[in-house]
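Participant: In case it helps, TrEMBL gives these features for our protein:
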BINDING   ARG42, ASP99, GLU100, SER101, LYS141, GLY158, ASP159, HIS236, SER237  substrate binding site
BINDING   HIS112, HIS137, ASP138, HIS210, HIS236, ASP269  Fe cation binding site
Amino acid sequence: MTILIEQPEFGVEVGTEAGEKKVFDDGLFVVPHTNSFGQTFRDYDAEGERQPSVEIFYQINHINQSYDFVQRMRKEYSKLNRVEMSIWECCELLNEVVDESDPDLDEPQIEHLLQTAEAIRKDYPNEDWLHLTGLIHDLGKVLLLPSFGELPQWAVVGDTFPVGCAFDQANVHHKYFEENPDYYNPAYNTKFGVYSEGCGLENVMMSWGHDDYMYLVAKENNCTLPSAALFIIRYHSFYALHKAGAYKHLMNEEDVENLNWLHVFNKYDLYSKSKVRIDVEKVKPYYLSLIEKYFPSKLRW
């Protein structure tokens with residue numbers, strides 16, 4: 001199924017492979033006007049208790065996320081030799097994790113995963129792969145835990161962006177890239193850098209973090225989720241692309257189609273963050289059935 005989106009925030013126009021189109025009303029999910037702190041979502045300049053720490057986070061992130069650093073991290077963590085566990089066991093590990101880069105929420109991550117998944121499930125009841133994607137999209141944040149190397153927050157969370165080419169102005173707190181060694185490297189500071197037009201995002205090195213790690217875990221453990229799910233997992237923090245339209249010159253045709261699904265997903269990932277609690281035990285059997293459908297019982301992490 002191909003999805004065509006004119007306004008990704010509200011309303012989706014769905015077309016079948018035969019070209020038939022219909023309007024998909026996502027009215028069950030009401031987009032809130034403010035986040036948990038009473039401010040607009042993703043407002044990185046709004047004054048508040050978390051604003052200074054979030055900006056400091058991005059300063060450190062932008063200075064250190066270089067092409068060489070990403071290469072080292074991918075080489076190390078693609079070994080998947082830390083632990084063997086199930087998807088649900090990983091979900092439970094996130095109970096103590098709070099994302100310091102997020103200006104919208106300070107709840108444990110398991111709450112956000114279930115809020116996202118349940119909001120999607122309500123509006124897209126027949127797309128079970130999308131429900132599961134909502135549940136697992138942030139599982140890579142286990143990189144913050146000691147058994148996974150206890151990486152610093154700047155190497156795990158936050159908006160992601162390509163390395164190996166110029167840092168687009170659409171990236172949040174762009175000014176801090178001026179302290180990144182790649183900023184002045186002629187091999188990396190041009191529009192295409194080490195890439196070529198239409199090369200496909202699969203061939204682009206993204207800043208290292210939980211997105212890329214979970215993508216590697218899912219792919220290397222031979223999950224059977226569709227390509228759109230893997231795209232969502234890997235690029236859901238790539239806001240410069242799916243909110244500002246930057247870096248599209250690197251995309252291929254498959255990326256363009258999968259980006260439509262990411263636009264659908266993003267609304268739930270971002271705007272479902274709230275203080276509303278989810279009854280974990282009530283929904284657990286459903287998600288365990290999806291995990292069994294798409295993943296092996298134990299995965300290498």
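Using N, Cα and C of the backbone, Cβ positions are placed for all residues, glycine too.
Set these features in their place in the structure for me.
Facilitator: In the structure as shown, the Cβ atom of SER237 (substrate binding site) sits within 10 Å of 24 other Cβ atoms.
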Participant: What is the nearest of the binding-site residues HIS112, HIS137, ASP138, HIS236, ASP269 to ASP159 (substrate binding site), using the Cα of each?
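Facilitator: Of the binding-site residues HIS112, HIS137, ASP138, HIS236, ASP269, HIS236 has its Cα closest to that of ASP159 (substrate binding site).
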Participant: Within the same chain, and leaving aside HIS112, HIS137, ASP138, HIS210, HIS236, ASP269, name every residue whose CB is within 8 angstroms of the centroid of the CB atoms belonging to the recorded Fe cation site, in sequence order.
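Facilitator: Apart from HIS112, HIS137, ASP138, HIS210, HIS236, ASP269, the close residues are LEU113, THR116, LYS141, ASP211, SER237.
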Participant: Can you grab the distance from ASP138 (Fe cation binding site) over to SER237 (substrate binding site)? Cα atoms, rounded to a whole Å.
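Facilitator: Each residue's Cα considered, ASP138 (Fe cation binding site) and SER237 (substrate binding site) end up 10 Å apart.
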Participant: Compare the Cα of LYS141 (substrate binding site) against each of the binding-site residues HIS112, HIS210, HIS236 and report the nearest.
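Facilitator: Going through HIS112, HIS210, HIS236 one by one, the Cα closest to that of LYS141 (substrate binding site) is HIS210.
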Participant: Roughly how many Å lie between the Cα atoms of HIS112 (Fe cation binding site) and SER237 (substrate binding site), rounded to a whole value?
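Facilitator: With the alpha carbons as reference points, the distance is 14 Å.
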